Amino acid sequence: MVSKPLFSLLLLTVALVVFQTGTLVNAEDSEPSSSTRKPLVKIVKGKKLCDKGWECKGWSEYCCNHTISDFFETYQFENLFSKRNSPVAHAVGFWDYRSFITAAAEYQPLGFGTAGEKLQGMKEVAAFLGHVGSKTSCGYGVATGGPLAWGLCYNKEMSPDQLYCDDYYKLTYPCTPGVSYHGRGALPVYWNYNYGQTGEALKVDLLSHPEYLENNATLAFQAAIWRWMTPPKKHLPSAHDVFVGKWKPTKNDTAAKRTPGFGATINVLYGDQICNSGFDNDEMNNIVSHYLYYLDLIGVGREEAGPHEKLSCADQEPFSSSSSAPPSSGSSS
């Protein structure tokens with residue numbers, strides 16, 4: 001027979017094992033965060049480099065800063081996109097916080113949301129998502145919650161009127177027979193050549209399977225962040241560069257009224273489709289409104305957006321012509 005003290009000890013041991021197992025399971029089910037994990041640090045040629053594990057890995061100076069999950073949590077994502085799963089939305093159950101954070105992890109070592117102090121990171125996330133929200137919204141003037149609450153309502157263009165196949169690129173990015181290259185994703189991708197370039201960057205065959213962007217939310221966010229981080233042409237800056245101050249305007253840029261800030265991100269992404277058309281451009285103002293609204297909801301406040309002339313590209317000469325940019329209309333068309 002087992003003595004009472006020994007039996008009690010066995011029960012305590014079993015209870016402890018069960019408790020620890022339950023704790024591990026709960027930890028795995030919780031949202032990922034790097035805030036409680038100390039980074040690995042090494043010095044290379046006098047420069048401090050860090051690795052924070054899954055969210056910011058690969059020894060980067062940017063990984064020494066706050067990661068996105070440190071300042072942008074699930075509840076904030078839900079606040080920004082509060083109507084995305086409403087019954088009248090067109091991508092119910094598709095978009096979620098985890099997909100965004102997983103996608104962002106690929107680009108945080110490159111500075112996405114991690115270039116500079118925490119405030120700078122919060123502003124960049126709001127700026128990027130401001131573009132996303134405006135391009136995937138089904139909001140309108142009298143919509144419940146207001147027109148700015150309906151971002152991520154779409155994940156694809158609902159009624160495309162063409163296949164968006166440009167035969168000029170038939171040698172480099174040939175169209176797959178019967179496939180439509182209409183808008184899909186968080187920053188909707190259009191045209192065979194854009195699907196081809198994006199697929200090459202993400203190592204996914206989007207040219208043959210553009211539908212992947214409407215089937216996988218993480219991939220859809222990755223494609224959008226890649227576009228945000230990548231110059232549209234070799235001699236141009238990226239939207240990320242012009243927003244975080246990495247881009248330094250030349251004399252020609254200054255003469256063309258192109259200055260760093262949110263307005264320049266619109267210029268990089270959409271060029272002459274939107275910019276240099278005055279302050280009454282509805283599409284431009286819609287993008288700016290989403291950014292300001294998201295700054296408020298994320299906890300930064302629109303007063304941190306800077307002077308009005310830097311918020312828009314109303315009088316900026318375009319970085320690029322429309323031939324290098326996708327259609328500026330969102331995927332709700």
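Using N, Cα and C of the backbone, Cβ positions are placed for all residues, glycine too.
Remember, predicted model here, so these are calculated numbers, not experimental data.
What Swiss-Prot records for this protein:
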COMPBIAS  320-333  compositional bias 'Low complexity'
DISULFID  CYS50-CYS56  disulfide bond
DISULFID  CYS165-CYS175  disulfide bond
DISULFID  CYS275-CYS313  disulfide bond
CARBOHYD  ASN65  N-linked glycosylation site
CARBOHYD  ASN216  N-linked glycosylation site
CARBOHYD  ASN252  N-linked glycosylation site
REGION    307-333  region 'Disordered'
SIGNAL    1-27  signal peptide
Message = Whole-number answer please: how many Å between the C-alpha atoms of ASN216 (N-linked glycosylation site) and CYS175 (disulfide bond)?
response = 22
Request  = Return the residue, from the listed glycosylation sites ASN65, ASN216, ASN252, with the maximum count of other C-beta atoms within 10 angstroms of its C-beta.
outcome  = ASN65
Key: Cα-to-Cα gap, ASN65 (N-linked glycosylation site) vs CYS50 (disulfide bond), nearest whole Å   = 9
Query = Where's the emptiest Cβ shell within 10 Å among the disulfide-bonded residues CYS50, CYS165, CYS175, CYS275?
reply = CYS165
Shortest C-alpha distance to CYS313 (disulfide bond) - which of the recorded positions CYS50, CYS56, CYS175, ASN252 = ASN252
Query = How many Å separate the Cα atoms of CYS50 (disulfide bond) and ASN252 (N-linked glycosylation site)?
reply = 37
Note = Counting across all protein chains, other CB atoms within 10 angstroms of the CB of CYS56 (disulfide bond) number 30
Task = Measure from the CA atom of ASN252 (N-linked glycosylation site) to the CA atom of CYS165 (disulfide bond) and give the result in Å, rounded to a whole number.
result = 35
Task = Would you kindly give the Cα-Cα distance separating ASN252 (N-linked glycosylation site) and CYS275 (disulfide bond), rounded to the nearest Å?
result = 17
